[in-house]
């Protein structure tokens, strides 16, 4: 009994939604729906990019990594939050809180630097289109992703021990729904000046350095776009980075509400509700933006759905086509429903032989989408 009380005394208690006790079941349903939608959309994007060869480009490689990062990011925070919404005791152990903060910082900072890497990719695509394939090589893309991950690892490795090295108050009530830096520091005794300076410096590094790199990339893009004489050319050039720019605006608009506003070192219960924007809404909005504003992703998703709906297993009476014929048809008519067209062509050949009519070209099937 004594060891159990000692364990409970070292736990942190989340009170982020304590003022909304009568709405917690409703919030559970809403957040669960948004979480499942986020997982399904990010999984769909990763699967489509992996399967569709036309999307095997640097831009979509970064998008696949971004979707994977956001999926892991939500796994760190949202499941525990959903459990606490329906649990009587909303607690997390000392070690669990430290681990949650570590991965939150690692994935959050990596996400910011990954957006900066994607901004550089769009800058090269607009400003150096002829040299794009020679600059954005597979090796460089892997190096940019590794640098983003190492930046997040550096911040998490330095900040987490500094936050949890100080003794904490007896109550340990966090005015939040996960272990963020500011709520945890509020229940700790005073940090040393050196420790606080390191935490602030690393926070600036994690937020402002990627933002500066993004601004530099888009300044180069803007200068290059303005030199294009025709309005149609300017619109086409800028449309290549519109989805990425929208994701960047959503990401930093949500993060600035907490970390870049004046008095961000203080924390209140309202900030817990604001934090929902970048823990649940941002991972949901990013795949939605790329899906709605990117024609290639939309076309690949439609193609995947069409192949799922029109599958050879759905027609057991039909003979399967030879692999060589399938490959020739995919090469000649990329993006069309080769299954319907080849079966239509076989039916046309049988009718032609039966009636003895001269050969006529087969009308190609069009997409129903």
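Placement of Cβ uses the backbone N, Cα and C atoms for every residue, glycine included.
Any TrEMBL annotation is an automated prediction that lacks curation.
Annotation comment: TrEMBL describes 26-48 (among others) as transmembrane segment. Tertiary neighbourhood of the transmembrane segment (26-48): same-chain residues 17, 20, 55, 63-64, 67-68, 70-71, 74, 78-79, 81-82, 85-86, 276, 280-281, 283-284, 287-288, 290-291, 297, 300-301, 304, selected by CB-CB distance under 8 Å and a gap of 6+ residues from either end.
According to TrEMBL, the domain 'G-protein coupled receptors family 1 profile' annotation covers 41-290. The domain 'G-protein coupled receptors family 1 profile' (41-290) scores a mean pLDDT of 85 in the predicted structure.
Per TrEMBL, the feature transmembrane segment maps to 60-79 (among others).
Residues or ranges marked as transmembrane segment in TrEMBL: 99-120 (among others).
Residues or ranges marked as transmembrane segment in TrEMBL: 140-164 (among others).
Under the heading transmembrane segment, TrEMBL lists 197-225 (among others). Under 8 Å from some Cβ of the transmembrane segment (197-225) lie the Cβ atoms of residues 105, 108-109, 112-113, 115-116, 119-120, 122-123, 126-127, 151-152, 155, 158-159, 162-163, 181, 191, 234, 237-238, 241, 245, 248, 252, 255, 259-260, all in the same chain and six or more residues away from its ends.
Packing against the transmembrane segment (237-260) from elsewhere in the chain are residues 111-112, 115, 118-119, 122, 125-126, 203, 207, 211, 214, 218, 221, 224-225, 228, 271, 274-275, 277-278, 281-282, 285-286, 289-290, 293-294: each is 6 or more residues past its ends and has a CB under 8 Å from a CB in it. The transmembrane segment annotation in TrEMBL covers 237-260 (among others).
TrEMBL lists 272-292 (among others) with the feature transmembrane segment.
For the transmembrane segment (99-120), the partner stretch with the most Cβ pairs below 8 Å, chosen from 60-79, 140-164, 272-292, is 140-164.
Listed by sequence, the residues of this chain that lie at least six past the ends of the transmembrane segment (272-292) yet keep a Cβ under 8 A from its Cβ atoms are 16-17, 31, 34-35, 37-38, 41-42, 44-45, 63, 66-67, 70-71, 73-74, 77-78, 81, 175-178, 180, 243, 246-247, 250-251, 254-255, 257-258, 298, 301. Long-range neighbours of the transmembrane segment (60-79) within the same chain, counting only residues 6 or more positions beyond its ends whose Cβ lies under 8 Å from a Cβ of the stretch, are 31, 35, 38-39, 42-43, 45-46, 49-50, 100, 103-104, 107-108, 110-111, 114-115, 117-118, 121, 141, 144-145, 177-178, 279-280, 282-283, 286-287, 290, 296-297.
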